[in-house]
């Protein structure tokens, strides 16, 4: 496959097939494309408009060369989203993952350091004391023994290194932002997947279906949050039993009060860690409430509860009982829970 021909095809506004995209991204991850060529491809795809078939093909290439974590996928959940909302909230999906684990989900939390916000999942977990150099076997043991483990993206997606430079220099969202959440190294088939733009709700659900996911909630808040929002409505595209449906929810649907986005924002990793721990210690307020929403959705996506409303009830209970705090301590290796 000649690089020039692929770029000419994209410049002409012609979509790549799933197989063509898989071949292109496999070549990129093998180091066969130069940084300039990778940058041209990413910009060309963005300008043309990125299609589901292209996203699926690229993700298949990424999955083919990732370092896997071998665990049972029963009720195995991820809460990794696209990121890129640039709203600098505390780590809602990470805290929600811990609460979901305390509520009975098995969690393979996939994540990375922050690109545009104040604190990514890896940033806050590392600040809390979690090692980022855990082997796949150690991560698998954490999932099986504790019920939650963290999969640090660079440790499992080494082939992505060839695209790091072009992505940083372009400094725009690209297909890679969408591929990452669809490439859980443990193969988690259950997911709450936040997206940075409403237009990606259905395409991401369609891609997840093509890639074999079981139950996925693709979510986007009207305030731009790539989580279920507390400041107003959130849209959801749900993949379940092979079917995709759309819905809109509000905090009041679950007995919670709306609150301004500013109540969830932080300005440093230290502030993000403090926010996470105050929620896990069940301190009332908007931060706890937004976690109740997202953890409730996570428990539903994991098929631990019959609907999101019950999930919110369970999330509230594990925070109140201290089970969520205990799960956090176990994840960090401070207790021997198992």
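Including glycine, each Cβ sits where the backbone N, Cα and C put it.
Some features that Swiss-Prot has for this protein:
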- 81, 112: anthranilate 1 binding site (BINDING)
- 81, 84-85, 89, 91-94, 109-117, 121: 5-phospho-alpha-D-ribose 1-diphosphate binding site (BINDING)
- 93, 227: Mg(2+) 1 binding site (BINDING)
- 167: anthranilate 2 binding site (BINDING)
- 226, 227: Mg(2+) 2 binding site (BINDING)
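Structure with Swiss-Prot features highlighted.
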residue	record	DSSP (3 states)
81	anthranilate 1 binding site	coil
89	5-phospho-alpha-D-ribose 1-diphosphate binding site	strand
110	5-phospho-alpha-D-ribose 1-diphosphate binding site	strand
167	anthranilate 2 binding site	helix
226	Mg(2+) 2 binding site	coil
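By the criterion of other Cβ atoms within 10 Å of the residue's own Cβ, the least surrounded of the binding-site residues 89, 93, 112 is 112. Spatially close to residue 110 (5-phospho-alpha-D-ribose 1-diphosphate binding site) yet at least six residues away along the chain are 78, 80, 151, 153, 156, 180, 181, 183, 184, 185, 186, 188, judged by Cβ distances under 8 angstroms. Distance noted between the C-alpha atoms of residue 113 (5-phospho-alpha-D-ribose 1-diphosphate binding site) and residue 226 (Mg(2+) 2 binding site) is 16 Å. Residue 167 (anthranilate 2 binding site) has a Cβ environment of 19 other Cβ atoms inside 10 Å. In terms of C-alpha distance, the listed binding-site residues 81, 89, 226, 227 place 81 closest to the residue listed as 'anthranilate 2 binding site'.
Note on proximity: among 89, 93, 226, 227, the binding-site residues of the record, the Cα nearest residue 112 (anthranilate 1 binding site) is that of 93. Note on residue 227 (Mg(2+) 1 binding site): other Cβ atoms within 10 Å of its Cβ, all shown chains, come to 28.
The binding-site residues examined here are 81, 113, 226; by Cβ neighbour count within 10 Å, the least packed of them is 113.
Rounded to a whole value, the Cα-Cα separation of residue 89 (5-phospho-alpha-D-ribose 1-diphosphate binding site) and residue 227 (Mg(2+) 1 binding site) is 10 Å.
Comparing residue 93 (5-phospho-alpha-D-ribose 1-diphosphate binding site) with residue 81 (anthranilate 1 binding site), their Cα atoms are 8 Å apart once rounded.
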